[in-house]
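Here is the structure we will look at, set down as structure tokens.
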Amino acid sequence: MRSSAMLGLLIALLLGLFHIRCGEAQVLTEVPLGPLYRVVGHPLLIPCNVSGFKDAETTKEFEFRMQRPGKPMDINVISTEDPNFSFSAFSGRVENNEIHLEHVAPNSVHFQVSKLLPSDVGEYECAVINKEQNYNGVYAAKITVKVIDNTLTVSSPDSGSARLAGEGDPLALTCQASSNTVQHTHLSVTWYLHKEGEPDAHPLVSLDRDLTLTPGPRFQERFRAGAVRLDKVGEAMYRLNIARLAPSDQGQIYCRAQEWIQDPDRSWFSITQKDTEPTRLTVKAKDEAVADPRSLGVRISVQQETLQEGQQLVLTCSVDNPAPGQLLSMAWLRGGSELARFGPTGVLQVGAQYSGRELTATKTGDGVHLLVLRPVRVQDQGGYLCRAWHQDRGPDGDFTQGVAHDSATQMVNISATEGSGLSVEMESNGVAATEGDKLQLTCKATGGRGQLSVAWDHKLGSPAASTGSFTRVVSLSHEGVIQAGADFAQRSVRATRPAANTFALELDGVVPSDAGTYRCTVTEWSVGPSGDASETHSQSQMSNVQVLLLDTLFQLKLMSRNTQATVGDQVELICRLRGPEVLPPTLRWTLRRNGSASPDTVLTLSPGGAVAWQGGWQRRYQLSVERLQEGEILHKLMIAGASTWEEGRYGCEASVFLDGRHKKVASSNELAVKVTIPESKLSLSSMPSLSVDAGADVTLNCFALATTPGASHFAVTWHQGENNRTVLWSDRDGRTVSHSRGGDDQRRISALRMPGLGPPRFELTVRQAQVGDGGRYSCMVMEWLQDPDGNWFVLPPARTTTELHVLEPANNLHIAEEERHLVVTEGEDVDLNCSLTSGASDASLSYSLSWLYAGPDPSAVNRSFTLAELGHGGLLRRPENPELQGSSLGRRLFLSRPTHGSFRLGIQRTQQGDGGAYWCRVEQFQLEQPGRWQLKAVDNSGRITLTVKATESKLSMGIGGDVNLTVTPSQSFVLPCSVAARTSPTSAFGVTWFWQKETGAADKRVVFEASADGTLRRGVSWTRGGRLRFDHPVPDLFNLTVTAATPEDSGVYHCEVEEWLISPPGRRKVGVAMRSEEITVDVRSYLPVGHVSDSRSATLLGVLTGLVLILLVVVLLLVLKIRRGQHPGAKKGDTLWTEGQPLQYKLDMTKGE
């Protein structure tokens, strides 16, 4: 007993592990089932899909490899990731895009080969590249591809020929199609009409692989009227019949055969197709026939108009007055279908539906033809006519068909032979079919003696209703050919014969309009001696069909035991589905989040059991299905560890796949799931108050007495003051992410979480506390937890406060107050000092300084004004003072702070106007709170009286040259004015030259004036100013040159010099003007030696003595030369004497000679 219990426990544990393992998402790579048979030269398509990756939205990379039969080596074919993946056997085709691999979705690709080669046979492997950290599932799938030969053959005796026909003429074309493929394949045959000027051909009629006839869209009406038919004659012959041609039928007509194979997944695939050469058809309209002069008169006659089934029908066609030698064609038609045709060469062609019956035709005379059909059937009754047309032979031997001419219609009545015991019975008179399901009807025929065919028809309403007409659903001929009605040609409908006397109708995908009355008509066929079958009897039976709408059959209800959950709790939702099992629905779970107009899909459960999670991410959802009873299923959605992401209104929807789309058949009620965060258990404690001296460090503590269960993280915010101004904030990871104070405060104030295993403790440290740091401090702690997704959420905060008192220091501001007196000389620099005698050593204090000035009168305190201010933040300001307008004092002031307790005012290049009383005012500030400074004390220094002495003049004149000048008219003479000493290197000079007739005379005049500012002007009373030239070659020398002297320029000259110093607001004259020595100038036309100036008399005397000696030597040499020249025979030569001109000289007396 004990061992059995242990065994049961072990099995339960294994099953539990298996369930947990199966609940995990596993990677699954899928390709279609194999092998695939494809034809050489045709394309190959292999889809490959992968599911189960955590990130379903990311595009996956795929690789294809293959192994050839008997060769186990893998050959790289193509990759979506690596362009150089292919081996040489496939690289060329990959580069030419003959082989390509393309994404159709992030998790799906299509491997395509445009033209298969025989060497492409083998086993292909699709592999997905795993870029996740672990492996869990199947990452590759294989499929075998067989490459077979193309054995499909298609031919037509009419290929490449031209046909000329008239409007209303019949047309019959044949096509032969067959295949020698070893595999089991089906053929489909379609006739196409390609009209001139249109890009695509239009299908006339087709016989698909299931032997179902389907007309083309443009020929449905004519197909229903029997004017367009496709008949299978024998094993490989397919005949197209058009009863009456229309001008719109003109064009190229060809036959296309397709070969189909059924893949292992039960789907059909067209492996190859071939077309015949087209037949060129020309159709002449009736109005063209009227214009034909060779009009024919065609008549028809019948041997017996009323026949009984089994007798023979004899029809005679004759043409009135045929032209001799004229070639004619003759045809017999019934209901637009051609029975037989006589060609111009006498060859008989029999219509497809009469090819198996005994039918003969002969030509009995010119224009007379006879047709015999035996034995006749009931369905042979109707209207018959004859059609004749000319045939013209061309040079190449081909016949051209003329305009057709018809006879009148001859009616023939055929009655059935008595004695048939055929009866039909429907299995059920009332049938209920579910929308989208399959409708199956069965009728049984008894008493039939021959071959049987069945036709199924449908009309709206009950069998008793007299309104409405029947439309053909499908028919099954006695030869086994299935032909769907025009209204059901696009539906999946079948007529089968499960037993010899049983006929069944199968209609897939029933729609509401399929409700109504269905009629089963069974026809009996008799076989004549020649093997032809003829219709003898028909019997019908009807049944009513009701279509049950899916909307009324399915019911959904959503319920749960717990819709109010805390983060991390488990929530179970149950969706109860009631409905028919014949159409298993697709179930979709939805979630409408708050504020969303439309719901999101959580998962979709397909009828086959496949689950598609939204975005490929299952999260913590778990799905289970429980079947209670037939037609009732419970779908359970489990949220294993709820989070706020799963919060919202849940619902479930059921849909079925109908008409190529999903149709919603039922929706459940919405169920709201509320996920709340847990209640906070956090509580804090701190000291009520603390006191500290200004400048000291202080630490505020915040203790957590209890926390909420879980791996909590804490974010801490420290506030100060009544307004809860944020001081510092640290995030849940302990990083300081916000500091409301900047500058020095950011360095002074810091927060810390003390490590340890016990409850957390948080600290706020304030270094060098200031008065403004005092006040109420609040510690606010926010507790953070993680939900099952790993997302953080915060709980309501907890607070605790501490009152901090910062004690202010005593006022000890004092400035030196002794009076001082400073005397400086104009132009010197001077420094005025202001020093703190106490209070300067406290680094927590800040100071502002103002220098005040009372002007030259120290007692005029009321007229003092501020020269400069240096704020406690280091900002320098110079107020605008109207009293200093015109003075440069403000621009010559410089403030400095050599030490923390001393201030200095410097005045550069003092001026006499700078004198007066100076003193400083110091204000002491202390920081109360960030950005707010409080004035604590003010003190003034003693006055500093500044006296600026004027500068004494040091101007002296130098000697410029001779004091007596004698010049001749038109000569120039210079009047120099030299400065021997100056008061300042920056001094400027004003120079004025004066003239008077003689020393002491009263006619003193200004000759020329050069001002200190550079202005030059001639004396007003000096009328000879045009000959004056001023020159200033060096800083201390000024020259005035008088050019082209005249006797009126004679007189006594001297210059006067004024010295100016640059002193704002302008220049200032220093001392008095200095006068130079007088210069006497004498201008005369002759200058005797005795009147030469004393300074040059000795020089002139020496020069004259030398000249006299030179003249004596010259005279002596000339006398000797003359004497030698008086010698007889001597030639007279040139002499040094100028003939008729005395020797003259001129001595110019200039300045400096």
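Keep in mind that glycine also has a Cβ here, set from the backbone N, Cα and C atoms.
Model confidence over the domain 'Ig-like' (157-272) stands at 88, taken as the mean pLDDT rounded to a whole number. Annotation source TrEMBL lists domain 'Ig-like' at 157-272 (among others).
The feature domain 'Ig-like' is assigned by TrEMBL to 293-415 (among others). Secondary structure counts, DSSP: the domain 'Ig-like' (293-415) has 6 helix, 69 strand, 48 coil.
Residues or ranges marked as domain 'Ig-like' by TrEMBL: 433-543 (among others).
According to TrEMBL, the feature domain 'Ig-like' maps to 551-672 (among others).
If you look up TrEMBL, you'll see 678-781 (among others) marked as domain 'Ig-like'.
Marked as domain 'Ig-like' by TrEMBL: 809-939 (among others).
If you look up TrEMBL, you'll see 953-1080 (among others) marked as domain 'Ig-like'.
The signal peptide annotation in TrEMBL covers 1-25.
Taken from TrEMBL, the feature transmembrane segment covers 1100-1122.
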Among the ranges 293-415, 433-543, 678-781, 953-1080, the one whose Cβ pairs under 8 Å to the domain 'Ig-like' (809-939) are most numerous: 678-781
Best-contacting stretch, by C-beta pairs under 8 Å, relative to the domain 'Ig-like' (433-543) and drawn from 157-272, 293-415, 551-672, 678-781, 953-1080: 293-415
Listed stretch, out of 293-415, 551-672, 678-781, 953-1080, that has the most CB pairs under 8 angstroms to the domain 'Ig-like' (157-272): 293-415
Residues of the domain 'Ig-like' (157-272) by DSSP state, where helix covers H, G and I: 11 helix, 62 strand, 43 coil
Secondary structure composition of the domain 'Ig-like' (551-672) [DSSP: H/G/I, E/B, coil]: 8 helix, 72 strand, 42 coil
